[in-house]
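Q: According to Swiss-Prot, the record shows the following:
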type     : residues : note
DISULFID : C40-C56  : disulfide bond
DISULFID : C45-C77  : disulfide bond
DISULFID : C54-C71  : disulfide bond
DISULFID : C57-C64  : disulfide bond
SIGNAL   : 1-23     : signal peptide
Amino acid sequence: MKSQTVLISIFIFSFFALHQCMQMDVGEIEGSNKISIGKCVPAQCSVSFFKRDCWCCFRDQSMCSKTQKECESNPRCPPLKF
């Protein structure tokens, strides 16, 4: 009896998901699959082991800044291209 209930629940959920996909516009689907990755990543610049206290350029880890805003605005840090 439990397995039948589970199968019916999965079946209903699948129809709901299919219904939602059919209502979406093609532009929404194409726009939602793009990943946005910043130019900088949090890094460890001090002695403490678990503390991430600075931001470094993703491509060149030697260029670091105290804040993410400073790192993102650095013209020497190239943006990622896919």
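Glycine is no exception: its Cβ is also placed from the backbone N, Cα and C atoms.
Quick caveat, the model's predicted, so the values are computed rather than measured.
Relative to the rest of the structure, where do these features sit?
A: Annotation note: C56 (disulfide bond) sits in a strand segment as assigned by DSSP.
C45 (disulfide bond) falls outside any helix or strand according to DSSP and counts as coil. Under 8 Å, Cβ to Cβ, and six or more positions away along its own chain, C45 (disulfide bond) finds D53, C54, C56, C64.
Long-range Cβ contacts of C71 (disulfide bond) within its own chain (separation 6+, distance under 8 Å): K39, C40, W55, C56, C57, M63, C64, S65, C77. Following the DSSP three-state reduction, the secondary structure of C71 (disulfide bond) is helix.
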